[in-house]
């Protein structure tokens, strides 16, 4: 169920229309509806509560919150909230890798060993490594997402 919900996060639009009277003189190449194997994936929209009831989190959660709840129900951590490796200082030759499904990620550095300086926040991008201004540790993005899937960013 969780893996199926993960697949529904990516926008997929399937349109199939069967018209009894065509509006144009051209005939469609295919007029059959698509066939899918297996059950439909779970929706990222909760079913909501019945009239007169107070909804639970599972019933009213939508989007990323529902994605996280489905993951917790299956014992999977949907979001990587573990701290980065602070046992070493990243170098240009061997930077600290930051997992990301997006082309950029915000990283907070507290130094090596941990808590050796104040917290510094900066953005690591796919194209370029970033260096902490305090300790000099280098961070690189370990991009695992879909290439050119960031067209929705403005």
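The backbone N, Cα and C atoms fix where each Cβ goes, and this holds for glycine too.
Per TrEMBL, the feature Zn(2+) binding site maps to 109, 117, 132, 135. The annotation domain 'C2H2-type' is assigned in TrEMBL to 132-154. Sequence annotations record features per position, and here TrEMBL assigns region 'Disordered' to 20-56.
Other residues of the same chain near the Zn(2+) site, with their Cβ within 8 Å of the Cβ centroid of 109, 117, 132, 135, are 110, 111, 112, 116, 120, 133, 134, 136, 137. When pLDDT values are averaged over the domain 'C2H2-type' (132-154), the model yields 78.
Within 10 Å of the C-beta of residue 117 (Zn(2+) binding site) we count 13 further C-beta atoms, all protein chains included. The binding-site residues considered are 109, 132, 135; of these, 135 has the fewest other C-beta atoms within 10 angstroms of its C-beta.
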